[in-house]
Amino acid sequence: MRYYFSVCTLITLFQLFWHGKQTKLVQPWRSPNQDWEQQFPRSRFLDPCKSSSFLDDIALSDEDASRFMLRDRTVRFRDRPTQFWQHWINLTNNTPTNISHTHLPLHSSTSDLMATSAARRSRRVKRAATAYKSRTWPHGIIPYVIESNFSSETKVTIMKAMRHWENYTCLSFVEREEHHESFIIFTEKSCGCCSYVGRRSETDPQAISIGKNCDKMGIVIHELGHVIGFWHEHTRPDRDDHVDILTENVIPGQEFNFKKMDPGEVNSLGEPYDFNSIMHYAESTFAKSNLPKDRTLRPKPCCPRPDIGQRIKLSTGDIRQTLKLYSCPCKQLSPFASALIETDVSHLFFHSVCGRNLIAASGTFSSPQLATDTSEMNAHLDPDRDRFYQNATFLTKEQPFTRTDDMVDDRRVSRRRRDLASAGGQAWANKSLHCQWRIIASSGERIELTFTKMDIVGAAESKNLPWNRAVNDICLVDYVEVRDGYYSGAPLIGRYCGSTIPEKIVSENSRMWIEYRKSVDSFSSGFAAKFEAKCGGDLVAERGVINSPNYPEYYPANKQCVWRIIVPEGFSVALTFTSFQLEKQNDCNYDYMEIRDGLDENADLLGRYCANSLPPPTKSTNNQLYIKFVSDGTVEKQGFTASFDKEFDECKTPDHGCAHVCVNTLGSYVCKCNLGYELNSDGKRCEDACGGTLKGPRGVILSPSYPNNYPRRKSCTWKIVAPSRQSIILNFTHFDLEGTN
């Protein structure tokens, strides 16, 4: 038999208990890239959606507005509508759309500021890249942060778009580090998809908004084009020579989006007008209707007219202009590449004179002298081909300059000249070369570099140093240099010349920089090398990121990776997954991720995961964590990305403040109470709990704090249980509750 007795006030005991239980006493754990929110307050955050004016998806600063020229005055600006972005969504399929809203025009007073005389305009060179060098990113390095509120699918799209730019230019998108004050933040704002043009500050971050339904790869590539420094192609000052603007078909109020830029604002760097540019409008952008007769842009070349407005990939012109804008070494594209680009952009930069970003999991590259024709550019050297070598001299971070008695004489130069001529290298004999390769692996991977050929010697009449040794003897003129990072200022691994092949090189990071210099009249054949991205390894750091091989692309078959994470003593390892997609199987025996509490496969198993569900946050009991990823030979998926951080157990300190029990969580802790008590609303103190289940022949029930007044906002429920066939007698001896009397 059961009898229930309840004293109710404003809320239930259950609600109060859980409210107190979940009280956080310190900041929750954050990934390294989320720290920007604490370091950079919103007042320093350059938000394009708060811009005073826009040109389509371009946010204009006051400086932009004062420089940009409009021929006609426009109405006063108002809030920018989010529906505007439907025309960008349709651009990914090259389909026109009807837009029945208004866009934010420039303030009429701004038009006055931007007025420029026709005489001044006529003196300017026809120029769509930014004309201001300060707007470009130093060394072509663009640090980034992706906000955590994006879905894993959108994050992958953003990463693929960045890789697309990296693959065909010398740009590097790198995860933001603490020393990066100027960086971009991928965020989702109310203004949809928008960005500033170029870098806007040396000390503050700037946002690139990827709005809802704008997370298509072509659109993200386009928005990144603005970040890099490009305006829309159709706004070039010379555009009237190439396209007609049919203003009668433009939605009223949107005409200013088709105005030409001030010649002083943009510079096309000598590149011709590019109908195929990813920065070009489609023919029906801002059209009154979807009918072909109502298109807003019409290319002048005819029969057939070129297609415009593609949102698929970078064009030949996009790539050439980027190479020029950022002064990429060896910017010239081979004729073979130019013919190839319109059908298959994926091989363009591979056939440049020398240097490129290498994103594949493995591959080969070489100095251009070793290629017999343009179709073999950057291909590995035939291992059976004979070469003439000399002793090598290496300069590494551990080894200072050294000298050698091995000198270059006329006989050896002559032999090398004949050898190069037979191999097709004579074309490079009288040319200097400066080449840069950037090997890009996934976060958490390392790069293994192996030189397969080495023949780097300076010219015969190279200038001698005071001690009468050729400059090249210490790798000052002709050399190949390897650095552990993404740019020329990264830590030096080694500088190599001569003919002895260096030992295998393994990076500490997921990027490697290789720079090759050849002087005029040097008849060396250069070098050839192969590389491979290696997953796994020992990660000794306070925080970091690990990805599955080839992430965000599908991981390869038959792969096994083991990471051993070690954080400083006194801390544990906190592991949090942000994306997870492995082959699904009930027992996780095909493709799987395994986490162990230690440094080897014999340590205690913390979890084994597969399929598509994010694994829960994991914490080690000490400063070590073992992670193993395995794929079989059949189904491949997108893989995973996870971040780790050193985790301190706040419960081990005497000042945690918990009255009874302290429970450590990732980046925080919570207080709990012993049986019969409940947590106070301050999240620390424990007080007598009311209610509960009572068993026994007799007992006493007291309201909270009796004989003192019971507290406010309290709910107590007692459940009295007696043996079967027995009744319960309840006798109130005191009763004083608030009532209507």
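If you go along the chain as it appears here, the first residue is 1 and each next one adds 1.
Note: Cβ is positioned from N, Cα and C throughout, glycine not excepted.
Copied over from TrEMBL:
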| type | residues | note |
| --- | --- | --- |
| ACT_SITE | E223 | active site |
| BINDING | H222, H226, H232 | Zn(2+) binding site |
| DISULFID | C193-C194 | disulfide bond |
| DOMAIN | 128-329 | domain 'Peptidase M12A' |
| DOMAIN | 354-534 | domain 'CUB' |
| DOMAIN | 535-647 | domain 'CUB' |
| DOMAIN | 647-687 | domain 'EGF-like' |
| DOMAIN | 690-741 | domain 'CUB' |
| SIGNAL | 1-23 | signal peptide |
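The record gives H222, H226, H232 for Zn(2+). Within 8 Å of the mean position of their Cβ atoms, the other Cβ atoms in that chain belong to D56, D57, I58, S195, E223, G225, F230, W231, I278, M279. Sequence-distant neighbours of C194 (disulfide bond) (same chain, 6+ apart, CB under 8 A from its CB) are P48, C49, S51, F54, D57, I58, A59, I208, S209, G211, E223.
There are 27 other CB atoms within 10 A of the CB of H222 (Zn(2+) binding site), with all protein chains counted. Taking only the Cα positions, the spacing between H232 (Zn(2+) binding site) and C193 (disulfide bond) is 15 angstrom. When secondary structure is read from DSSP and collapsed to three states, C194 (disulfide bond) falls in the strand class. Taking the Cα atom of each, H222 (Zn(2+) binding site) and C193 (disulfide bond) are about 10 angstrom apart. Cα to Cα, H226 (Zn(2+) binding site) and C193 (disulfide bond) are separated by 11 Å. Averaged across the domain 'EGF-like' (647-687), the predicted model reaches a pLDDT of 85. Highest local Cβ density among the recorded positions C193, H226 belongs to C193, counted as other Cβ atoms within 10 Å over all protein chains shown. When other Cβ atoms within 10 Å of the Cβ of the residue listed as 'active site' are tallied across all protein chains shown, the result is 25.
DSSP assignment over the domain 'CUB' (535-647) gives 0 helix, 56 strand, 57 coil. Secondary structure at H232 (Zn(2+) binding site), taken from DSSP and collapsed to helix, strand or coil, is coil. Summarising the environment of H232 (Zn(2+) binding site), the number of other Cβ atoms within 10 Å of its Cβ, over all protein chains shown, is 25.
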